[in-house]
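Database features (TrEMBL):
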type     : residues : note
DOMAIN   : 3-166    : domain '6-phosphogluconate dehydrogenase NADP-binding'
DOMAIN   : 169-293  : domain '3-hydroxyisobutyrate dehydrogenase-like NAD-binding'
ACT_SITE : 175      : active site
Ligand code: NAD
């Protein structure tokens, strides 16, 4: 059975690592927050003091970190120390980075990892904290066929859909396309709901009508941004995340960088990025991204 190292035990990484431990894998964990590490150790994971010790002897290294700079700094450090001592990253090991970061960072890391005999894939996820907890995430994988096939059984422990998007970096491109569309749907749904409310409609009734008509979409049907329409949605729980405005804004920044690189026209994505930037500046960065509804509903 694979011996796994897991870096980043936050909202997503914590429950993902827990599912691997529960499935019987030998998992050694690392996070900058000691309480997050202890939680996993209590479930049966092991811990080590430094990243170098964590990866010793591991066949698979998984990371779930906030942004590209964290991922680059972790692996640059490990590559540097493995060049000095081959006891660290093992030849033939597989790196699976699940963080949402720019495709360029993972592509350049993959070249450097390959030079020391380590394979690498990007495998960003969709499905949020609930998906991570229940093991129902969707993984969007970029990498070669062999690495994809090696990773698949592990990813299936943490998720229910595992897609092969293409070469290294392709998973990240799929992820930013998805999240750009998600933000556009969220803003559009908020706008339509408030138009109905301003003209005397009950948002529950309007939501039911649109969910069963051509306006149906995920943000309306299962993540409704209007408080009181769906009991389980963050909107009905003071917009407690869920998926923070700060993280959506980060992903929209990645989408815009990607569009500039490829010369693509993304007018709707650009508009929603600016709306989320303003929303963050107004103090809503830590709220769920569906709180953008407040920009339409405030009198
Ligand atoms: P988080 O901030 O809750 O967790 C990140 C963890 O990484 C923290 O515990 C932090 O201490 C740790 N960390 C930072 N630097 C580290 C290092 N060098 N070594 C070890 N640990 C380190 O973030 P999250 O919500 O778990 O998100 C992680 C990634 O997943 C992000 O890229 C995010 O965009 C993406 N994502 C999040 C969601 C969501 O709903 N929260 C959904 C899909 C994708």
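Every residue number used here counts from 1 along the chain in the order it is shown.
From the backbone N, Cα and C atoms, a Cβ is placed for every residue, glycine too.
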* Asked: On the 0 to 100 scale, where does the mean pLDDT of the domain '6-phosphogluconate dehydrogenase NADP-binding' (3-166) fall?
  -> 95
* By DSSP assignment, list the helix, strand and coil residue numbers for the domain '3-hydroxyisobutyrate dehydrogenase-like NAD-binding' (169-293), in that order. => 87 helix, 2 strand, 36 coil
